[in-house]
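Summarising the annotation, TrEMBL assigns domain 'NADP-dependent oxidoreductase' to 3-101, 145-204. Annotation comment: TrEMBL describes 204-224 as region 'Disordered'.
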Amino acid sequence: MVGLGTWEYNNSVAYKATLTALKVGYVHVDTATMYGNHAGVGQAIQDWQSQNGGRREDIFVTTKIPGGLNYSAAEAALEASLKDLGLDYVDLMLVHFPAYWDGMGSAGPEATDDREFDHMVGTLYQSFSPLCGPCGTSELINGKLVTEIGKKYGKSGAQVSLKWQVQQGIPVIPKSDEASHIIANAQLFDWELSIEDMIKLDAAKSPPVTGGGDSKTSGDCKIP
Ligand SMILES: NC(=O)c1ccc[n+]([C@@H]2O[C@H](COP(=O)([O-])OP(=O)(O)OC[C@H]3O[C@@H](n4cnc5c(N)ncnc54)[C@H](OP(=O)(O)O)[C@@H]3O)[C@@H](O)[C@H]2O)c1
């Protein structure tokens, strides 16, 4: 339910954050060709295996190849990802910014939103940028609503924001290179937000949904 994000991290930051996360028990890391940090993420996985007795089969590694490639270019990108990561396989290979075809909507089952659509086609719906990293506001980390709610539970605002997501069954991939934050972001499973607090968080109108929103965009603020 919790993985480590690595967008914008160079190899050395990605190495440090990934190794820290794996050492404290994370079993999922998210990277991408476009992030340019496969070598750092891969080296951390290898060092965790050799220095901490970690087993490759116990973790779930996601990466992404660029969208819009033809068959042979996609195959080459897949091979390059594995080589740069130093891994034999990844657990999930996504297409970053896949092309959208007008026919897709009508070909798929009827759904009122992305989450429902994913459920209907058997795809796991995951929250990226779960702390609104690129939104230009730290409201989901230290805003009034999440901070006030957190006080009741002895939790930080960031933990409240992440808990609100995982309590709905949505996996999250927060990014941090601070060991204390990496640890805190995974401490979400021995407490529960009350129904009243979930309703308050559901009703929040801020920060706004900033990106996409129509049927032809991914709703991801045009970020990778
Ligand atoms: N299309 C896609 O597939 C896609 C798109 C966007 C993102 N993603 C993935 O989602 C990941 C996460 O999204 P994001 O990178 O946009 O950022 P994010 O996780 O929404 O937010 C990261 C920010 O939150 C801070 N933070 C994290 N934990 C904290 C804590 N416990 N207390 C206080 N501050 C905390 C971090 O600072 P500190 O370092 O100081 O903790 C950082 O500034 C990405 O890295 C990427 O792997 C995927």
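A Cβ is built for glycine as well, from the same backbone N, Cα and C atoms used for every other residue.
Averaged over the domain 'NADP-dependent oxidoreductase' (3-101), the predicted model reaches a pLDDT of 96. Look at the domain 'NADP-dependent oxidoreductase' (145-204): DSSP puts its residues at 36 helix, 1 strand, 23 coil.
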